[in-house]
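Visitor: What TrEMBL records for 159-176 is compositional bias 'Polar residues'. What TrEMBL records for 185-306 is domain 'Heparan-alpha-glucosaminide N-acetyltransferase catalytic'. Under the heading region 'Disordered', TrEMBL lists 156-176. For 110-133, 192-212, 232-250, 262-280, 300-318, 339-359, 420-443, 450-468, 488-507, 519-536, 556-574, the entry in TrEMBL reads transmembrane segment.
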């Protein structure tokens, strides 16, 4: 809350503000403060709510001649109470001072995060200590006797006098996670997928209403949400490589595999359309407002293109390294040159449409958010060619109506971050994940080679990103933009994805220092968890009425509870060997 006190007797004040995250934006009018009543010595007053997410620049202009009186840059704190006092220092010189006073200090909004972290660390510590105790034979036998006394008595009273190795009471009843059979499936991939999915669920549920768990308005900073969907796409590409290789190795014909690809893509797209158009208890949904693009829809189409491309050009021996390559350093790339040419052609198409397609009322190659951005010159140009193509082919009512740019940039045009043009770069992202899968197949069981290739790919993608963005938020050739799924966004996200996959692969599959729990379990049931969290988002116990809707603590408690419930559900399904596959 900002209280503005105008002690100037002769003129009123116009207060405007500009967010620090709004690139080349116009100042937005906040309030008019009347002049003070000189005879009664009462200052003019006005109260406004100001944004605490980003630093603000406050601009005060006098009503007489619209002269700028003062400009203040300040980052306000949450639930703080401030006063801005405007007064004359010297009557003769007509010098105006603007003093910002803190009436009531802001709260520390990050304490709930610290408390939640300590709670989860406490739970983790209890589980680790419990597991260590279970390795002690007397403790383990006592626990199993309490849990299953009848079975324990049967074993103790057996004719042999002691249990054999198969039925041993001291054996761990949980699935043998490190057995040879289970090691055929890389746990690191499911862990990677589950980690991305669980954070995505938490963010979609609200992320405790913290600004860094929200999508960036347009270009720039890579908040948590910006990386989640891209990682999911990346690991989908990796899984495509491994699953197609397995199916073809087991004798499935290409025609049969293609039918499976088509069917799975169709189900993902259909499921996505159903999920993004909820209308529970509100009557029939109108076809006029049906949203067509969405997360699952883009995953489905991306899966179709990448899997079909891989199936079409795959050659026997390319995965095992039996094909000769003229350049040993590129021996896991050159055998797949037809796929690479196709992907590069798609990127050329994206570049041509983005920078050469004429968009009515907008400059050619426009990549901005529209609205009040670019000094308000192009208010209806949100997304440039990407937004224009969606509105032209799908219609304004069939795309997302509330883009993240509407908050800071005050855009009024609908724009869909899962639109048509961005799908091209999503295919590129999945193909890079496919390349990671090929590395795993090509260098099977050669852990150093696999990790070094992951690291090299990460460096290459990072260099490309640095060139495209000029290492800046707004001034690069192609800025990082999640809404547009710009090519620099893809290269940056794939750089981080290769590094993350390298770390998880090393910890889970190479050194086996971590089983992947608890993220491994939702990673094994990713479609069910994602669909379930969308469908049951507004149902108890995933959501309930809060006493204080402005409290980070209550939002964080609710969002973490809902997310933890999906982890528990996926664990129980895993224990019962229930997996929802499409």
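Residue numbering: from 1, along the chain as shown.
Placed from the backbone N, Cα and C atoms, the Cβ positions cover glycine too.
Give me the structural setting of these features: burial, nearby parts and distances.
Guide: Long-range contacts of the transmembrane segment (110-133) within the same chain: residues 139, 208, 210, 552-553, 556-557, 560, each at least 6 residues beyond the stretch ends and with a Cβ under 8 Å from a Cβ of the stretch.
Beyond its flanks by at least six residues, the transmembrane segment (420-443) meets 186, 230, 233-242, 245, 293, 298, 301-303, 305-306, 309-310, 319-321, 331-333, 336, 339, 343, 346-347, 349-350, 353-354, 385-386, 389-390, 393-394, 449-450, 453-454, 457, 461, 483-487, 489-490, 493-494, 497-498, 501 of its own chain at Cβ-Cβ distances under 8 Å.
Note on the transmembrane segment (488-507): residues 186, 188, 191-192, 195, 222, 226-227, 230-231, 234-235, 238, 425-426, 428-429, 432-433, 436, 447, 450-451, 454-455, 457-459, 461-462, 464-465, 468-469, 476-482, 513-514, 516 of its chain, located 6 or more positions outside it, place their CB under 8 angstroms from a CB of the stretch.
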Visitor: For the transmembrane segment (262-280) and the transmembrane segment (519-536), check the count of CB pairs under 8 Å (sequence separation 6 or more) and say whether it reaches 3 or more.
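Guide: Contact criterion met.
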Visitor: Can you say which of 232-250, 339-359, 450-468, 519-536, 556-574 has the most Cβ pairs under 8 Å with the transmembrane segment (300-318)?
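Guide: Comparing 232-250, 339-359, 450-468, 519-536, 556-574 against the transmembrane segment (300-318), the winner is 232-250.
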Visitor: Are the transmembrane segment (192-212) and the transmembrane segment (519-536) near each other by the rule of at least 3 C-beta pairs under 8 angstroms (pairs 6 or more apart)?
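Guide: Counting Cβ pairs under 8 Å (6 or more apart in sequence), the transmembrane segment (519-536) reaches the transmembrane segment (192-212), since there are 3 or more.
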